[in-house]
């Protein structure tokens with residue numbers, strides 16, 4: 001395929017650019033009979049929306065979604081669901097001074113080399129704004145998965161720069177702009193971000209995302225592995241540079257006698273695996289960790305060149321997130337939901353029997 | 001697709017089980033005119049082959065490949081290249097005692113739940129033996145990429161359990177069974193593995209893999225991102241639990257002013273990105289890090305159950321790698337080659353112009 | 001894929017229903033740099049548009065297309081081109097009396113059996129209205145193919161019911177509502193259609209469609225055959241029940257000494273093949289014939305049942321084409337253009353060399 | 001995909017050339033638990049096999065199939081089923097005199113133009129010999145479809161050149177080398193073929209193929225239409241130039257009041273549709289008609305050129321079928337089985353409910 005469609009059987013075709021007339025997607029393969037309205041989709045879009053705190057880009061977008069097709073009398077019909085979001089606050093003028101310069105660490109350089117085209121308007125197709133339609137599509141998947149199997153999604157930021165964010169309670173995630181599952185650390189995070197903004201710099205972040213009540217048996221033993229598809233989905237989100245399943249890079253130092261999750265008849269005793277063994281879901285919670293790099297659009301001057309090959313000093317003003325990780329939690333949840341949804345449909349085709357049977361025990365390694 | 005085909009335009013369909021009559025693959029989409037014989041493929045298979053040192057499984061397999069189609073008068077014809085490897089040393093009897101038990105951390109549990117089938121013979125389809133056909137296919141991709149663009153692949157182990165392996169020289173990689181780019185550490189690694197074997201335990205490892213002279217412009221801005229496809233390929237290799245591009249999880253603590261690779265007209269000053277920006281190759285070396293979990297088939301007794309739901313204590317004898325990371329370097333190289341090959345063909349379709357133009361500077365972050 | 005995407009590398013994802021808010025498509029894989037505006041697309045939509053003569057449905061739709069993405073500063077950027085057409089004249093009330101009845105010969109019966117959903121509004125997703133986005137996408141493909149290779153598309157009606165329409169001149173096609181390449185027969189066709197309308201019945205038609213200056217070498221020897229993909233595209237158009245390449249069913253009675261197109265160095269002496277040999281284009285004109293069945297929505301009472309399994313006598317009023325073949329020419333041209341476009345991109349990937357080299361001689365068998 | 005894989009969820013990847021070491025395929029996506037052995041596959045291969053009467057090619061091939069993977073303890077495991085057929089009677093010498101000449105009507109011309117490769121050995125990849133692996137794969141699909149839903153396949157020749165073959169009884173199909181459902185016409189067919197062979201010429205044929213007990217609801221309303229996929233499959237078989245569903249080209253002259261199959265609660269009264277409405281199966285028998293062109297390899301001299309562009313007179317000796325339609329019935333049945341199998345799996349994914357509910361009434365139009 002040509003690179004704008006995600007998923008095989010629950011497939012989402014994404015379109016639009018950051019500063020074009022509109023963005024959106026077409027969801028093909030949604031089963032018929034799901035009650036669906038804008039109210040099911042808008043809340044996740046609102047969680048991802050820019051301009052909601054001083055710590056994210058100040059671009060004002062309502063991100064109001066319109067359902068163009070696929071729903072009749074309040075229910076999905078099995079036909080494609082087209083979702084449309086009109087762009088509203090495209091101040092392209094802001095980008096005038098970087099129209100011909102390449103920002104170090106930014107996609108503008110590679111896009112230009114590939115296509116021979118320079119869409120200088122806020123990153124064009126490479127903008128993180130294109131995750132909005134995925135969040136909308138993910139909301140549809142989440143609803144279906146929840147109604148059918150009780151799947152619940154969770155996600156939070158676990159580190160911002162060099163500040164680790166210890167887990168306290170999922171309830172806190174919705175009570176601060178950082179998606180931190182910790183209320184005591186919020187003032188430190190705010191102070192840190194305020195400092196960054198003053199310096200005109202940016203920083204990375206670490207996030208955790210996962211799901212519970214995932215049916216056992218999703219995935220395949222060779223390719224179409226559930227964890228491989230999750231890695232593909234996560235690494236495909238803007239700025240992600242690392243993906244871990246379960247214990248991730250900690251496994252390097254682990255012994256087999258320590259890593260393999262024991263499973264007496266009473267249930268798994270731990271979840272080092274992160275819910276996937278041999279590419280197939282165990283029924284335990286799926287747990288993923290993700291590393292997000294610092295934004296490349298910063299005010300601090302950087303050495304670069306322009307499209308003519310001349311030396312250039314790049315200073316990026318305009319409206320940018322100083323830490324793209326802050327708004328990334330709903331995006332990662334949506335991508336995970338899309339992967340799980342696709343695999344449930346694949347599993348139906350392959351085995352026609354999707355069950356939630358395994359006692360669900362551990363969100364993490366249990367140690 | 002049904003889950004045994006890798007790649008869109010250079011697509012490899014894998015077949016076989018660890019203890020069936022044969023394993024192999026069909027490569028579809030190889031361009032015509034490539035000089036190709038068994039001699040081009042066998043060396044990489046030999047690097048991956050079991051039984052070559054006391055530190056890996058003692059199963060004896062010549063892994064001799066036969067080319068069944070797609071080559072005429074010594075050259076590829078553009079038709080599918082079928083590669084066949086007959087299994088020779090299938091001592092299924094070794095598995096008798098675990099025929100009905102689930103090994104903690106092993107794919108047998110999830111495979112059984114998905115398909116309702118129990119192929120107890122050495123992991124069946126979930127066995128790492130199925131990476132052999134991918135290594136064979138990867139050798140074809142490597143040859144074509146090298147002839148067309150001079151692409152070179154590299155890979156080595158960077159940590160074995162808690163022993164870090166500092167980089168000394170690529171030449172050393174071929175001189176020890178661990179694929180360590182370091183000659184002084186080899187005795188320590190041997191001693192460590194000997195101890196593990198005595199204990200009947202296993203351990204994880206960390207590997208680096210990459211490529212130089214990668215054409216600029218491979219990948220796409222949304223899905224079909226080069227790094228997303230690499231993450232998919234790597235996470236799909238048996239036992240991999242984490243994947244990093246370039247600086248990987250280190251980006252969490254980095255500032256934008258530090259991470260973004262400056263690029264004056266004289267060339268990139270560093271390679272924090274690992275050769276990919278916005279999902280598209282920069283022309284710098286592609287650099288990937290991978291975490292491999294400890295083998296789940298160990299002698300140390302573990303608490304589990306059997307297919308009837310009864311409690312079981314599992315002790316796995318038979319022939320197993322105590323660290324699957326040891327033989328993983330050629331596998332990871334092959335998977336990277338397959339991803340790059342597919343993207344070169346995709347790029348031809350999308351842009352008909354694949355170039356190696358960028359000064360290649362840094363294998364790693366340059367710091 | 002989930003069934004609403006056409007094409008592998010130039011892929012068109014279609015959405016919408018006949019009486020929903022909008023219809024449209026997302027074109028993914030269009031090469032960058034093509035000058036494109038609404039003016040390039042609208043003319044073909046206008047050729048297909050309903051309500052343009054008394055011989056077609058009287059539904060009034062401007063079918064005005066909006067380009068939502070993929071074009072910047074008047075040129076394609078390589079990103080998805082989203083095209084939107086708002087529905088305007090959805091008089092669903094017209095369908096009230098058939099909301100629960102199945103029309104003999106209509107898709108409503110099978111759609112209901114598959115999805116368990118009844119979208120009684122003008123055929124819902126099964127409506128021929130969904131060909132409008134394909135015509136729009138085809139216009140993009142036509143423009144690119146014409147600029148790159150000089151490909152020209154042609155099409156006409158060759159029979160309406162039992163009236164054969166002998167070929168006179170391509171110029172006439174645009175001068176009558178039947179797309180007849182014959183001016184003298186138009187009065188007979190009009191009289192015939194007026195009679196049909198009075199009777200409340202419908203009739204079938206036969207059409208020819210093709211292209212000249214098609215590059216040699218498009219297609220593949222096994223699957224992805226150019227003629228197989230054309231057959232798929234044509235049989236997928238609403239109401240099509242038969243597809244022929246070149247001489248089609250006439251080959252049954254032909255001898256090999258008569259059918260095989262001789263090709264001295266001066267060029268092909270005939271085109272019985274219809275431009276494809278062994279699944280690959282010869283460079284001669286591609287020639288396709290198509291049979292279109294009579295519309296199933298007619299006023300004449302027919303024996304059927306309703307969704308409850310009760311007997312029903314169905315008489316369909318509302319606005320329907322008495323011969324869907326009348327507006328089908330631009331649809332078939334568009335589908336052919338999409339197939340050729342996809343194959344040109346596939347060929348680039350496979351061979352990177354797409355040429356128009358063969359002397360183009362014959363539109364038909366040359367006899 | 002690269003053009004050698006057929007099907008999305010029950011996908012068959014074909015490999016080999018007419019005169020290479022072996023041909024075969026990999027079936028991916030076969031559900032687990034199907035009892036399968038060589039005995040299930042060989043009979044269909046034997047029906048297609050060359051050398052079984054004087055009216056077909058005299059090449060001697062046992063076409064003995066070996067199952068390399070995917071079956072354990074007599075049952076499918078859900079993993080890929082690799083099937084291997086070694087070529088035995090490759091007398092490439094026979095082709096010496098046409099090694100550089102293009103046969104009018106043959107694929108050698110287009111293959112050479114596409115790939116720049118000349119595989120003169122019996123058509124190479126373009127040979128009808130490559131249908132053998134599809135027949136083998138089709139046998140697997142047939143068995144599963146029959147066990148699950150009672151699907152039965154039928155097929156016969158309905159015309160050989162200008163001799164129409166009226167239907168008498170299905171039993172006769174297996175009693176003559178022509179697959180004629182008529183015993184009285186066999187002597188005339190034999191005399192006709194003997195005359196053709198003496199003249200060194202070839203001729204076309206018309207075949208019918210179909211299936212009963214097809215579940216209702218297979219297919220999709222836009223693309224992935226069942227009839228479009230059937231047209232793709234049939235037109236993809238060597239030498240096919242026309243495909244009809246149900247009444248096919250007869251619909252051109254039909255009225256809507258005559259074509260639409262009435263369906264009172266007691267069941268369909270006819271089957272003009274050929275078992276598909278709006279791209280989705282009705283539950284009635286699927287009925288397909290196919291036109292097969294005369295073989296292009298004939299002894300009668302024909303005007304052509306060679307690879308150097310020089311004029312050439314081509315006379316093809318060697319071993320060829322004077323009418324490829326004679327052995328085509330099992331091939332068409334297999335392709336239909338593969339399409340239905342894929343759609344059953346797709347339907348499971350989309351709706352998870354595949355039923356055979358409709359009274360099955362008519363093999364043909366019922367008039």
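The backbone N, Cα and C atoms fix where each Cβ goes, glycine too.
Since we're looking at a predicted model, the values are computed, not measured.
Per TrEMBL, the feature NADP(+) binding site maps to D:48, D:54. Residues or ranges marked as FMN binding site by TrEMBL: D:125, D:126, D:127, D:238, D:239, D:278, D:293, D:294, D:295, D:296, D:297, D:319.
TrEMBL feature annotations superimposed on the structure.
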residue: D:48; record: NADP(+) binding site; Cβ neighbours (10 Å): 24
residue: D:54; record: NADP(+) binding site; Cβ neighbours (10 Å): 11
residue: D:125; record: FMN binding site; Cβ neighbours (10 Å): 30
residue: D:127; record: FMN binding site; Cβ neighbours (10 Å): 21
residue: D:239; record: FMN binding site; Cβ neighbours (10 Å): 25
residue: D:293; record: FMN binding site; Cβ neighbours (10 Å): 31
residue: D:295; record: FMN binding site; Cβ neighbours (10 Å): 29
residue: D:297; record: FMN binding site; Cβ neighbours (10 Å): 26
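Residue D:54 (NADP(+) binding site) is 16 Å away from residue D:295 (FMN binding site) when you measure Cα to Cα. Here the CA atom of residue D:54 (NADP(+) binding site) lies 20 Å from the CA atom of residue D:127 (FMN binding site). Here the binding-site residues are D:54, D:127, D:295, and the ones sitting under 8 angstroms from chain C, going by CB atoms, are D:295. For chain B, the nearby binding-site residues by a Cβ gap under 8 A, listed in sequence order, are D:125, drawn from D:48, D:54, D:125, D:127, D:239, D:293. Between the C-alpha atoms of residue D:297 (FMN binding site) and residue D:48 (NADP(+) binding site), the distance comes to 19 Å.
Across the fold, the C-alpha of residue D:54 (NADP(+) binding site) and the C-alpha of residue D:293 (FMN binding site) stand 20 Å from each other. Nearest to residue D:48 (NADP(+) binding site) in space, judged by Cα atoms and limited to the binding-site residues D:125, D:239, D:293, is D:239.
In this structure, residue D:48 (NADP(+) binding site) is part of a helix by DSSP.
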